[in-house]
């Protein structure tokens, strides 16, 4: 009998739960259509579930006065939010409060005279939104995705460093350490979300203790990809999937212990589907042997 262990911290975080709840509640209160500006969270299956309820992801082409638009959990630049309100749309801000804290941090550092380094993925919606707030408070800064990106920061005497909320803690520390070697004054505001840290620590603990590790989450989810990379370093038999349909029977041949973790945008119902499918695969292999 296979032992399936779900990581202590896995799946929906506070910010994602809040965004999904706001989307569901908006359906009861809206007179017009309900949209999200882009996918509300990075999980295609949950986005599709909300779409079936009547919450449609959009880039804004079909918005009409009186419609409801929900700002995604990752946030958007302030100028975009202002443009939505000017169109006569009802705007519901589902930006994660922890992401809002990053917006406040970059403006605080700007007011204090620091050049801002944002450790994150350059094309991630959260980073794009945060850069919008940095512009709005007349700040200057760069995004650091790899250590090769820090060059511009080293030209400044005072550097303030923040992180995308779902950033890898080890890489964040590495960037801080490298910049501190070369810059006269460094101020660090650790804006990595506690939920991200807990999920990463849970994976570090579980991955070495199992034969196979399954990481569930959207392929476009930065925090899920980081869980996968962390797990893969500790357990080569790590696989990143979105749904139970992607599970391959050969992954589980001769396996006794399977670990499961999931990104912050992965709902419980998908985790349960994956767990059930693994049980079916392993029981089928026992019968055939």
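The backbone N, Cα and C atoms fix where each Cβ goes, and this holds for glycine too.
As recorded in Swiss-Prot, the features of this protein are as follows:
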ACT_SITE  126  active site, proton donor
BINDING   13, 96, 193  [4Fe-4S] cluster binding site
BINDING   42, 74, 124, 165, 221, 223, 265  (2E)-4-hydroxy-3-methylbut-2-enyl diphosphate binding site
BINDING   42, 74, 124, 221, 223, 265  dimethylallyl diphosphate binding site
BINDING   42, 74, 124, 221, 223, 265  isopentenyl diphosphate binding site
Environment of 13, 96, 193, the listed [4Fe-4S] cluster site - residues of the same chain whose CB lies within 8 A of the CB centroid: 14, 15, 16, 73, 97, 98, 99, 165, 166, 195, 196, 264
Of the recorded positions listed as 13, 96, 126, 193, the one whose CA lies nearest the CA of residue 74 ((2E)-4-hydroxy-3-methylbut-2-enyl diphosphate binding site): 126
Structural state of residue 126 (active site, proton donor), classified by DSSP into three states: helix
Any further residue of that chain within 8 Å (Cβ to the Cβ centroid of 42, 74, 124, 165, 221, 223, 265) of the recorded (2E)-4-hydroxy-3-methylbut-2-enyl diphosphate site: 41, 73, 125, 126, 166, 222, 224, 263, 264
Cα distance (Å, whole number) from residue 42 ((2E)-4-hydroxy-3-methylbut-2-enyl diphosphate binding site) to residue 96 ([4Fe-4S] cluster binding site): 13
Same-chain residues at least 6 apart in sequence whose Cβ lies under 8 Å from residue 124 ((2E)-4-hydroxy-3-methylbut-2-enyl diphosphate binding site): 74, 164, 222
